[in-house]
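J.: Below is the structure I would like to discuss, written out as structure tokens.
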Amino acid sequence: MITIEREAMEFDVVIVGAGPAGLSAAIKIRQLAIENNLPDLSVCVVEKGSEVGAHILSGAVLEPRAINELFPNWKEEGAPLNVPVTEDKTYFLMSDEKSQEAPHWMVPKTMHNDGNYVISLGNVVRWLGQKAEELEVSIFPGFAAAEILYHADGTVKGIQTGDMGIGKDGEPTHNFAPGYELHAKYTLFAEGCRGHLGKRLINKFNLDQDADPQHYGIGIKELWEIDPAKHKPGLVMHGSGWPLSETGSSGGWWLYHAENNQVTLGMIVDLSYENPHMFPFMEMQRWKTHPLIKQYLEGGKRISYGARAVVKGGLNSLPKLTFPGGCLIGDDAGFLNFAKIKGSHTAMKSGMLCGEAVFEAIARGVDKGGDLAIARVVEGEDLFDKELTTYTQKFDKSWLKEELHRSRNFGPAMHKFGLWIGGAFNFVDQNIFKVPFTLHDLQPDYSALKTQDQATFKPNYPKPDGKLTFDRLSSVFVSNTVHEENQPSHLKLTDASIPVAVNLPRWDEPAQRYCPAGVYEIVDEGEGNKRFQINAANCVHCKTCDIKDPSQNITWVTPEGGGGPNYPNM
């Protein structure tokens, strides 16, 4: 076995992921360090995307509460919040032709968007990255965090970035470059929904032992440039019903009018769906043919496409936030408010709360004689708190906890009671009075899938026309997804026989359909032989396979840094 020598770099804080949570944490730490005369406190952010914002995908309507706190003068400082919400409409699609708008008073207050902004979260994150660099945060795009490093006592020591130049055979190629070790007093994990290192930490430290199972959806999004005559900047539309109602599946859709004659539209399909024949990508394509949606897109042009799992378990599914040497923030923990269909402001606030706790712990350690820019290198030293319990305390006293507590029943009600009764329950809970009990949803999403014998209904998905509706491969093309071809697959099978031997006869191998990028195929090799093929280069890093595989046989790990989608203005 080859021993690889790695360069190690020391920081006070290492943050994994340059999204809204990670960058808000970095900014808050550096703001406090400068304000309190600790200007040498060092913060490093590693980002697997080719640039900050490359992997960011969201609706998005931003509630500005957190950014107001982080940058009170954000407007003067040029934050790209340029389109205030001007109209707020909610619809139920009754069929492929009919729709009904809900009166505003019937919509849960959590879904009202007064004072919010239609944004590109990718562009907001790029702006946050610039502000972080102005505060001397070190940001390393194109470096994927591949492994967690531990001290001998089990405390998290930092992370190792992925090696570059490993061939498909697992051996170093001529351009091999070893990954770096990044050591820190505290390591914050902000990888987004279903982060692969966050998943390991939750398992290692049993962080979810007192929580409900986490729940997810798959969000599929397109960006269109439309006829200026049809463009209504600030119009926000949400809805549910057809076509998901045909398979008894839950989820919803959005269409937002942004700036520059662009609309962002998409669908979230709850990954608790039961019918193995359901095809989330094609459900979204079919939805666009409804007259309510089609009217805006006709004569327009699709600019970009993307997909990403979203975390929706809320407060009931929130794991323990801290462990020795680090914390989970943002959607790595699961702070999205499903009742609002928003997670950007909650991710930012979680990062800010954690940033405050980190700074205070480091400042206390320095007061005791600890050094800056040197990780916790002495085993058992007590100059710096091993576990940041103050982060949890700050969360418990925050508006973030209050907001998530208020919304804790929203998802379980929809899952337990269905669209109509669940919707009525949520209207009462959110608009009239707070119910004095908590609902729980204890079934993991992957286990909800029925066998193909139990679910005989197969939806009809027309062939895409290439103008309004599209196939997956042409969609991946406009996501600008690129991977180094000569590298090991980052989609790992625990047992390579399961897709054909188990999943195919039981569920018609649902990976063929739940993947929004066409990564998984069943190839007929003749004479009754079938093969499971993984087209890893197509992967848009949505993590759906890691979540929904009914045999829990697929594990997503990070490919080479810089690979994956390159989302513009998404």
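Glycine too: its Cβ is placed from the backbone N, Cα and C atoms.
Keep in mind the model is a prediction, meaning the values are calculated, not measured.
As listed in Swiss-Prot for this protein:
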- 13-27: FAD binding site (BINDING)
- C515, C539, C542, C545: [4Fe-4S] cluster binding site (BINDING)
- 530-559: domain '4Fe-4S ferredoxin-type' (DOMAIN)
J.: In the domain '4Fe-4S ferredoxin-type' (530-559), how many residues does DSSP call helix, how many strand, and how many coil?
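T.: Result for the domain '4Fe-4S ferredoxin-type' (530-559), in helix, strand, coil order: 8 helix, 8 strand, 14 coil.
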J.: Can you grab the distance from C515 ([4Fe-4S] cluster binding site) over to L23 (FAD binding site)? Cα atoms, rounded to a whole Å.
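T.: Per the Cα atoms, C515 ([4Fe-4S] cluster binding site) and L23 (FAD binding site) stand 29 Å apart.
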J.: Using a Cβ cut-off of under 8 Å, list the residues of the same chain at least 6 residues beyond the domain '4Fe-4S ferredoxin-type' (530-559) that approach it.
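T.: Sequence-remote neighbours of the domain '4Fe-4S ferredoxin-type' (530-559) are 48, 55, 144-146, 162, 193-194, 196, 199, 216, 218, 271, 306-309, 445-447, 449, 472-473, 476, 479, 481, 483-485, 487, 489-496, 498-500, 502-504, 506-507, 509-511, 514-524, 565.
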J.: List only the single closest residue to A21 (FAD binding site), chosen from the binding-site residues C539, C542, C545 by CA-CA distance.
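T.: Looking at Cα distances from A21 (FAD binding site), the smallest one goes to C542.
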J.: Find the shortest Cα-Cα separation between G19 (FAD binding site) and the binding-site residues C539, C542, C545, and name the residue that gives it.
T.: C542
J.: On a simple 10 Å Cβ count over all chains shown, which one of the binding-site residues V13, I15, A21, L23, A25 is most densely packed?
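T.: When each Cβ's neighbours within 10 Å are tallied, I15 tops the list.
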J.: What is the separation, in Å, between the Cα atoms of V13 (FAD binding site) and C539 ([4Fe-4S] cluster binding site)?
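T.: Given the Cα positions, V13 (FAD binding site) is 30 Å from C539 ([4Fe-4S] cluster binding site).
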J.: Using C-alpha positions only, work out which of the binding-site residues C539, C542, C545 is nearest to A25 (FAD binding site).
T.: C542
J.: Inside 8 A of the center formed by the CB atoms of C515, C539, C542, C545, which other residues of the chain have their CB, for the recorded [4Fe-4S] cluster site?
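T.: Leaving out the recorded residues gives A307, L491, Y514, P516, A517, V519, Y520, V540, H541, K543, T544, W556.
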